[in-house]
Amino acid sequence: MRIGSYQLRNRVLLAPMAGITDQPFRRLCAYYGAGLTFSEMMSTNPQVWHTEKSKLRLAHSEDLGLNAVQIAGSDPLEMAQAAAINVEYGAQIIDINMGCPAKKVNRKLAGSALLQFPDLVEKILREVVSAVNVPVTLKIRTGWDKSNRNCVQIGKIAEQCGIQALTVHGRTRACLFEGEAEYDNIKAVKQAIAIPVIANGDIDSARKAKFVLNYTGADAIMIGRAALGNPWLFQAVENLIEHNSISQMPSLKEKCGQILRHIQELHQFYGEQKGYRIARKHVAWYLQGIQPDSVFKQTFNAISDPKEQLIVLEDFFNLILDKKNVRTTT
């Protein structure tokens, strides 16, 4: 699949997720096969462009592949300025968020709230596309609510404005993340436009990914929540849809090693004052796939020292692997 002049390594993408798709997590997903990863959503408010938090969200390295940055806002000129600034910082793809269902985003008329105003959508897309010399993509939902599904209309507007690829999450804003993804509506969008369409929503296995690709005719799939605590999912999906082969999941030993490295990188990336707090939610997600009924989560969440976190986590993994007293962290 191509986005503008860029050939992606495969058709399996990691969704941009606020508070999750930082550099350490994107690196892990890319290692296991994500063909493209996106930064966390960046506000187009000029007051936050140069903050430390924004710099962390924009952090990128070559091993992550293409530098794709997602922006969110509602003012066309402000959106265009933000896109241009991000390109100056190294963004190779700009993604526009018109899919986020969060109230705090929608109250500012950003994210999926914009789907209620197709004329404003068009103004934003035209301004952003004309402001940068890199591909611009768009992420939407199927509409604001079930009575106002307009994803086909928005898709046509996007194509006319020069958007290079369109991601459709198969739910309305009103649905949030409840119910089942509307693959029929993603299929309708794909049939209505010529630009690449990326299917998103409820893709939690390699078989589901293959089904969604075949059913919708989409050019690629995007994985979001299913990757939490499960970055190796990309490996299984890539092998099935690109090579028609079923791959073995990484061994428990490999998973434990990767989790330890991920937590250590979070400590280094965010610093001692913040890294241990970010690590807690990731460990909780990882435990769901290793020992979902474990009380270890409470133990881990009570720790505020990064080094102690690593020691306790490795001891826990050693107990699971029956390798007691074999510690590599100090």
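Every residue gets a Cβ built from N, Cα and C, even glycine.
The FMN site recorded in Swiss-Prot includes P16, M17, A18, Q70, N200, G201, D202, G224, R225, and the single candidate from K139, K297, K307 that the record places there is K139. For K139 (FMN binding site), the same-chain residues lying six or more positions away in sequence with a CB closer than 8 A to its CB are A15, P16, Q70, D95, I96, N97, M98, G99, L166, T167, V168, H169, N200. Over all protein chains present, the Cβ of P16 (FMN binding site) has 28 other Cβ atoms lying within 10 Å. Counting other C-beta atoms within 10 Å of each candidate's C-beta, the recorded positions A18, C100 are led by C100.
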